[in-house]
């Protein structure tokens, strides 16, 4: 086992604080509408430019092991806030630095670290209550756009696009962000349920110009096994032909004789038909077939349920107003499923999302939920250069997460104003003087985001904070973009309550651990042993 270096109390805290400050100082320059960029060197390719706090934090690794421990603890704050709220990582870092700095001073003055932490926790709980009461629920699309605009560093186009996407696919819908192939940023919305499987034969195409098969007012047969022979299907096929409607077959596969028979019937005009493979694999395929069944009001033909193909009747088939099948995707629009059954299925998937521990499973469940509940929107981010596109994509991701958080828990006045107001509303009393000091640490620390936003905008932080606190209006604050004071909500400068709350709770949690640290242990750097001397060249007795 390698030898360790151990640091205690003041020495340990000082080293750790240096690391906290290095990381936080690099991250906090990005805060606010006038926040600066940070350039990250990459081992290959062009450097990356970003204003995203967590991206900056993840790049920082310090040489000194003890300083690095402090930096990594604060990086954890940014990551945790990003995981829960998806935004607010810079605010969380600024808050953590402020609480640690104030706490370190108090510990150096001889106060009890555990009592300080209890005081900090008391004050944070009260601030969270205050924020919950101050939060305003989002009702209009304009308010959604405002949140998106603020989080995208004041870019209105992005805010509008996110508001439009959420309006079209609903709050449960999936909105994905991709890099565009062009310089324009655009929004594409896919109605209905789309999955990644296309037609099994190009002969099914009905629209040669667009290379798609379009079926109107269509029956849908859902089968979980392969179809290689159509003998068992003849009764249901005859019933479909008599109804005069088209048929879509979704099965594990349709092959050989079965596929050939379907193609021949389609070409002769006797049967309007198309076949696609079922989406997904294994258990996920079964679940997705069930989703399609619920959406279209049909049944999955499965021998597990004792249903055989020869016994299938028309009322077991799903129905939809329109189906569009391209080379690699199938879209089912306006399925005939019962609303109550779809809602029940949505609730079931939501409970699975809450229970799962796997990020991959959660992502797949959320995709299924979106396909059932709303639809899918894709924001394609464009720019003149690859570096610009990546920087803009970071901002769109942040804006999207902030907007979802705002819809979930409401909004509070932005620009650090909500926390600034909370600082004068803290009434918590500690059991002793040290706990009181912990409460005061939070009282001072939660002013840090507003101060940082002001100084990044080139204003004098203490004058800005003083002016805001002198005014009693709850929404009165400082617009760093224009340099004006006024009603923050009226000016459209708002923060999602969930983002502010998560940033404060995560910052206080990690800062509390750092304040109460008394010893730090790290491996001693390995000493390079000198290389052995090289033997002399040449051969004995020879003169070279």
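Cβ atoms are placed via backbone N, Cα and C, with glycine included.
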Given that Swiss-Prot annotates 30, 31, 32, 33, 87, 88, 89, 90, 91, 415, 495 as binding ATP, state which candidate in 51, 105, 429 belongs to that site as well. 51
Residue 88 (ATP binding site) has its Cβ surrounded, within 10 angstroms, by a count of other Cβ atoms equal to 32
Per DSSP, to which secondary structure element type does residue 90 (ATP binding site) belong, with helix, strand and coil as the options? helix
Please determine which of the binding-site residues listed here (30, 90) has the lowest count of neighbouring CB atoms within 10 Å. 30
Can you tell me how many other Cβ atoms are located within 10 Å of the Cβ belonging to residue 32 (ATP binding site)? 28
